Amino acid sequence: SLSRSEPGGGRMNSIKNVPARVLSRRPGHSLEAEREQFDKTQAISISKAINSQEAPVKEKHARRSIILGTHHEKGAFTFWSYAIGLPLPSSAILSWKFCHVLHKVLRDGHPNVLHDCQRYRSNIREVGDLWGHLHDRYGQLVNIYTKLLLTKISFHLKHPQFPASLEVTDEVLEKAAGTDVNNIFQLTVEMFDYMDCELKVSESVFRQLNTAIAVSQMSSGQCRLAPLIQVIQDCSPLYHYTVKLLFKLHSCLPADTLQGHRDRFHEQFHSLRNFFRRASDMLYFKRLIQIPRLPEGPPNFLRASALAEHIKPVVVIPEETPEDEEPENLIEISTGPPAGEPAVVADLFDQTFGPPNGPLKDDRDLQIEALKREVEMLRGELEKIKLEAQRYISQLKGQVNSLEAELEEQRKQKQKALVDNEQLRHELAQLRTAQQEGERSHSLREEAERRASATEARYSKLKEKHSELVSIHAELLRKNADTAKQLTVTQQSQEEVARVKEQLAFQMEQVKRESELKLEEQSDQLEKVKRELEAKDGELAHMQESLRRMEQSGSELSSRLEVLSAEKDTLTGAVRQREADLLAAQSLVQEKEAALSQEQQHSSRERSELQGRLAEKESQEQGLRQKLLDEQFAVLRGAAAEAKAILQDAVSKLDDPLHLRCTSSPDYLVSRAQAALDSVSALEEGHTQYLTSLADASALVAALTRFSHLAADTIINGSATSHLAPTDPADRLMDTCRECGARALELMGQLQDQQAVQQAQPGLVRSPLQGILQLGQELKPKSLDVRQEELGAMVDKEMAATSAAIEDAVRRIEDMMNQARHASSGVKLEVNERILNSCTDLMKAIRLLVMTSTSLQKEIVESGRGAATQQEFYAKNSRWTEGLISASKAVGWGATQLVESADRVVLHMGKYEELIVCSHEIAASTAQLVAASKVKADKHSPHLSRLQECSRTVNERAANVVASTKSGQEQIEDRDTMDFSGLSLIKLKKQEMETQVRVLELETRLEAERMRLGELRKRHYALAGVGATPSEEEPGKPSTAPRSATTKKPPLAQKPNVVPRQEHQLNTKDGVYPAQLVNY
């Protein structure tokens, strides 16, 4: 009654006593209500998705509620808060469906889900280990599935560039791989491990199922097959990434080094192709996922163009069909109270606030009801819009996947077209070169034909001239014969005429010989004809003088005839007759003089004509000679320009940051420098020949080409060798390489200048090359100082020493076992026996491996030495022999260390971690021995197969030693129960701070020890490397112990191209260790 009479004051006083349940329904608590509704929805979805019914997980429970919930709260906190309360150890089916939902949450949930799952790794591992020890069909699947989930979490945490859905572009893959060959190598190994876990899950599921079509339609079969959809989505991009990375590795490393990668990829390829084929044949998968088809055979990584033929497999998820919605318990916002308590709430409201304004509702209540109805309507429309948006998103994803597949195909076709275009361009260049050569040969042939025709015309003219001279000679002979007949009147006249005849015959013979010589030599013919004419003029004068003398003698005879007219009347007539004959001979001589003058005029005209032709020919020859000299120098200048470009490219590598990762050995540098020095002598000889004969530059061009390639190779290998050398020798080697490049470039510049080619001095390049050779000799590893003839004896000695060390280790382990049985009992005796038994098994496996390696070594020597002796074979293959010696030493040292560590552990003087480290070291040493033996062995050899089997046995026994050591350590060491129930808040806070301080101290020490381990390994690799010996880095200090000492760890095999990686970047708790590439 008070509240009704004083409505204002009564109500204000009575609000203080409003019940909490009424206040909770006020609009101010809407956020808490939404949070409670969200938690309630998540709990219902998780309970419906993860249950013990043998049926597949429904998509609406997993995706529409759980996965969308992770995006709503940007993490998986709510999911794990309910998941850790599930009774997973009680039901294998429940655990199997939990793994399936967790896999979907990792793939499609918010990116922060990965970090939330990392906090619960131990829970996932415990579930897998629990069901792995039980003989249950679903339990075995759960064990394998948890390993896959742990591997997936580790991989994506280590490589954040790859999301859990594994959907990245090729550019992101290239950026994640980088340019370091070690990173690419390690990433490929991790993806292989990832793929192995995925394939093991599929193989285990198919092994438990009958692959008939009817089984895939049953709920029990679908329960096992449902997680394979996520496995298919993971395997498709993993296959594409491994193909890309393997092609990139083959472009950086030799094919023999990646043989193991190719074998492992082929196994995974065939398993994945079989998995896709079997899944495609099942009706269950046909309506849920579109599975790609792999090619018939794996890609050929030895052929770089095969990358263009690779097609990225794309998985397409069809559009989801709407399922029947089950009624969910939503937030009640209707006008009336809940059905369970309408009367009680109405009574409380009336008692507190009094009745409303009569039986009628005011406008505010009506507006509230209208707004509630509008909110309900809008919420329904919002749900419809969300469903429609999800359908559109799925459709767009399918279109994007198909477009990406088409884009990838177009990209491959473009790359293939570029390769074909480059090949066609190369063929076109070859055809153009061949066409130019053909035109050049055609022009040379035409020139030769012109020269032959000119020579033939010249020969025909000379032949005509010879025939003309022969006819003239015959005519002169005939005339000479007639004159001889006429001059036979008297004996004296006959003798004189005979002398004249002989002289004329002699002169005619000389004319004949001169004409023949003129036919043979054009240049001397005219001069000879001139001399002949002069000789003939002299002879004619002599003949005239003779005639005058004959006339004088005739006058004397006439006077004598007049005196003796009485006595010699008969002789007078004879004298007259002789005078008449002499007059006839004189007329004949005059005719001959006229003929000779005509012949002289004709010869002078012919001589002038021949001299003009000779001058023209000489001018042509001078032009051709100058053209030949210009062509030869053009060839020399082109060769010098190309050599200069080669040398400039080599010199630029000295400052190229990408070249810093390239390394080389001093042995190879010495061989290249020696070859370059030999080419300098040939270059000097070719330069001398060219200066002697400028028309022939072939020897200089050949020597210049060889020198440029060898000098550039020497400079590049000198730079690569300096990357592994100590600082001082590396700087000196780089300076010498720069000096060599500078002098070589200066020489190339002089050879390109026609004026400076005479002053070029190729010998100036010899001194820097000799400096490079000397530095390469100094950088050779001192471990190679062992004489080659001692290598064979060292191999046998080290193998025998290794066998003896193993035998001694077995005996010492047996003695320790007997002592442990007398000195200990109970749990300690059990732990010691288990550890010593595992060590004994490991020693036996190592002994069998050493014996098999010895047999394989003998087989290699017998098959490869031919007619040579065993020592000669070892000396010829000194690199391989030293690797074998190093591996044998490592095995013997590891066995000795394992026995000493086991002895200290049994006597409670050592640490269990020493046994674990020794086991890992023995496994690595045996792997080194197997690799060294495998290098030269026949891949079909039975000894090699037995050696590989022994290596696997050693690894298994080493793992047994580690497992027995860890289990014994857990049994012996006491563990505190961590009971904090009696501590107050302040003490708990204080202990928490102290624990944090200790954690930080331990982390600092751990980081320091890891850095120290990295530096030790770097020093170890440097000591076993090319040129980093103690005597080079610290000349003042003595060298380490001799090579034959068995108490020191032997040097590892040389690793020229791989930088050691620090192990603290990997999570060793999950069994992930770094892969190291070793070249023998």
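For all residues, glycine too, the Cβ spot is worked out from N, Cα and C.
According to TrEMBL, the protein has these features:
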DOMAIN    34-163  domain 'ENTH'
REGION    432-452  region 'Disordered'
COMPBIAS  437-452  compositional bias 'Basic and acidic residues'
COILED    490-553  coiled coil
REGION    593-622  region 'Disordered'
COMPBIAS  602-620  compositional bias 'Basic and acidic residues'
DOMAIN    783-1024  domain 'I/LWEQ'
COILED    983-1019  coiled coil
REGION    1024-1080  region 'Disordered'
So how many of the residues in the region 'Disordered' (593-622) end up helix, strand or coil by DSSP?
30 helix, 0 strand, 0 coil
Please spell out the DSSP helix, strand and coil residue counts for the domain 'ENTH' (34-163).
98 helix, 0 strand, 32 coil
Can you tell me the mean pLDDT for the coiled coil (490-553)?
68
Structural state census, the region 'Disordered' (432-452) (DSSP three-state):
21 helix, 0 strand, 0 coil
